[in-house]
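To start, the structure under review is shown below, and the notes come after it.
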């Protein structure tokens, strides 16, 4: 009988990539490297050579040190205690690590992803004799104000419940046994690289309401959709991501800081626990899982952090929740792939990125979706990935490959951010391919006028862009009267509708009804202005209308309805006077 070699020795070390020999291993097995037991993962097997990427700093380890195979693939612990947690890329809770070793993470330290000592109150919703299948929800735990649903792990066989308990248990204790011998605890493990199974994927036809006018109004993303936010440095990617994490109508938010600046992660870690969830008034952190993996942490862990995040998101989706996952930024993950690929001496592709860049990106984004879960509930994972192209160049491989996969593209523009136009999303370069599938939702839930209004707004903004070249050459006064009005209406759309103050308590979130009312008021001004032109009113009188100057203040008024009605009435009477005078 062949003896399984679980211990080998190090032969070669090249930064985060090490080679071991005399070791039996499968692809993606987790191994412990060196005397300090650093965590690594098998990424290539070449004859006797086992090539491992190490998730911790390898300085100081030398050839000849032992390598031990755990025989397990990289997995996350899924169960009560996930919400409010702050993890590093390999699901080590940072709060536990601080207690173990202070503010700086030492090497070779492990900590379980969930607390194995804390007791949770388990309420069964199934009883003995009930038939259960993989993914069936058998009970509930009130974790925060969110109910954590305990399910039969997807790898378990179907069977009848033999015994199910009620009361306080730790996540390791058996709470349910099936007649086929399966024992179910509140926690189960799942390999991060394997998508969790579902009954079927559904057409994403419900929008993710974000409260950001430019996103909901012009470029909506569906629940279960994918969106990319590319943009150069300082254009507001992280602020946009954080606004989405705070305000989007997803029930759970998973925020992955993947290779971003440490200070930005610090901001998230200090801000999120203090922020209030606008829907419940509870701390926002109670529906959030944070994965902090800053740029000075080992590069290999960036890949792990992305997979860890999406696996946790899929777990909550399987409970029937709508989850939004923010990955900030996927470019750093791609750079980590490039570094490891070059250490492996693989043939480089475009700009040095590996040839499998597109495959890895699509593997990640394709795990998004609105689904019918194994428990026959509806859940969704919406993935919003930030991309940081060097120098703001959208033609580089990461941006281009991401564009091929995602259906919603929010292009951030440094020029807009320099003009202090926030969110700095360029309405000419951005697009959403969800408009057709979402139009029915808007007709039924906002107004049948919504879709024509949106189309009109986009046409005005495009027309303004075409006229801008002439304006820069000869000035707006040289344009025909109609086009001068078009430029004024476009300015109103930009300054009143598209600009939004993320730091104003009212304007930071704008619901769909208010968005519709603001657009309708601008459209009303536009229609009246063209009618006045035909009646012979001069352009300067139309653009100098007093009532329209009150419109921008609507954004900052909570109970805005009476105010907007007053402005529209005043506008109407002013236009009537102008027409009569003409």
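Cβ from N, Cα, C; glycine included.
Copied from Swiss-Prot, the annotated features are:
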| type | residues | note |
| --- | --- | --- |
| BINDING | 231, 232, 233, 234, 235, 236, 237, 238 | ATP binding site |
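Structure coloured by features recorded in Swiss-Prot.
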residue	record	Cβ neighbours (10 Å)
231	ATP binding site	29
232	ATP binding site	19
233	ATP binding site	12
234	ATP binding site	13
235	ATP binding site	26
236	ATP binding site	22
237	ATP binding site	24
238	ATP binding site	23
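According to DSSP, residue 231 (ATP binding site) sits in a coil region rather than a helix or strand. Apart from the site residues 231, 232, 233, 234, 235, 236, 237, 238, the chain places the Cβ of 388, 412, 414, 417, 424 no farther than 8 Å from the centroid of the site's Cβ atoms, the recorded ATP location.
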